[in-house]
Amino acid sequence: MAIILKNGKSFNKDGVIERTELKIENGFITAIGSKLHSEEADEVIDVQGKLISAGFIDLHVHLREPGGEAKETIATGTLAAAKGGFTTVAAMPNTRPVPDTKEQMEWLCKRIRETAYVHVLPYAAITVGQQGTELTDFAALKEAGAFAFTDDGVGVQSAGMMYEAMKRAAALDMAIVAHCEDNTLANRGVVHDGEFAHRYGLYGIPSVCESVHIARDVLLAEATGCHYHVCHISTKESVRVVRDAKRAGIRVTAEVTPHHLLLCDEDIPGPDANYKMNPPLRSKEDREALIEGLLDGTIDFIATDHAPHTEAEKQKGINAAPFGIVGLETAFPLLYTHLVETNILTLKQLIDLLTVKPAECFGLPLGKLAVGERADITIIDLETEEAIDPQTFVSRGKNTPFAGWKCKGWPVMTFVGGKLVWQKGRE
């Protein structure tokens, strides 16, 4: 079946927006031009002047299945991804059970094939049960379909354990993806160790809790030659460590979340658990350093750390509620409105940070809008302004600090392998 998307616009190879029509056949892009022959298509879709982009890639998502289906499932999480314009996501392993054996990884891959709306890359755990005491069988997990290795949700506390993990990963040409948190410094914290924590008498998580862990790991990465990736970087000290490591030629990459780019602890209105995430919202100076790191290439791409929880869990109060917020359905509108329309990023930079940049970091054949590429495509309305309403989310999680924020840049159609998997108004 041949589909033509007509009356669109996209970036050409020189980074200039131009009129675009695009043909999809057998799951791939087969033609791009300013005017294609509609009679050659089985279906013609008029995108009415909207932006045609390669589908977004999110390499940090919690789909919660198995074991956390009250929060999210592979089906609901990937439909939320499609609604947000994401055509590929990577699923974190802090599920129950953890994908730490060949059999569990095979089960997970089968479940993904059966229920996912978008492409899902499954992470395997670094340690058995994510307990930090015994390494998993990396070779068997890779053979079973693991994308990379991480214990995200907790940091690997033992330097010796991480050193051995990096050696094994390097031998398999696989990445170690790290949640960086030194438990001896975390101090039972629930928010950043700053003015907000002090005002409300809350335990704080100091910046050094993260940066010390990263500093340790980049030296281990240098010693092993492993590709080491830093999850959800959040402090100015961490940015400095990663910048120095890159200058030294160490194979390190890093991601940042939309919420750490847009919010700081000064923005928290009170002890509201929808502002509780790990790492926490840091200082204004940290947020500015993250933006600077994104602009100078220290930080490689943006990932949401989509972390759905039930309403009941988030109503337990800021001390008892779990860490995490949702992000798949709001990431692009928030970033477009508050970084592009404010001239911090260009539209081309933002799209690259959500497409080609994550693909390049992990060697994925994704993220490009070109003839011969897989037809993973999102269509974006850059003009219509709407307020974020958690009750309209297709994710089971409604936990967001951005409720009521007015944004432009809403995805309206998402194609995965040439198949229309989500369209606004046809939910």
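Any Cβ shown, glycine's included, is placed from N, Cα and C.
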Given that Swiss-Prot lists His179, His232 as binding Zn(2+) 2, which residue among Asp152, Asp265, Asp267, Asp272 does it place in the same site? Asp152
Given that Swiss-Prot lists His62, Leu63, Arg64, Asn94, His309, Phe323, Gly324 as binding substrate, which residue among Asn274, Asn278 does it place in the same site? Asn278
From Asp305, Asp352, Asp376, grab the residue that Swiss-Prot records in the same Zn(2+) 1 site as His60, His62, Asp152. Asp305
Which of the binding-site residues His232, His309, Phe323 has its Cα closest in space to the Cα of His60 (Zn(2+) 1 binding site)? His232
Starting from the Cα of Asp152 (Zn(2+) 1 binding site), work out which of the binding-site residues (Arg64, Asn94, His179) are within 10 Å. Asn94, His179
Given the binding-site residues Arg64, Asn94, His179, His232, Gly324, tell me which ones have a C-alpha lying within 10 Å of the C-alpha of Asp305 (Zn(2+) 1 binding site). His232, Gly324
Take the Cβ of His309 (substrate binding site) and count every other Cβ within 10 Å, whichever protein chain it belongs to. 28
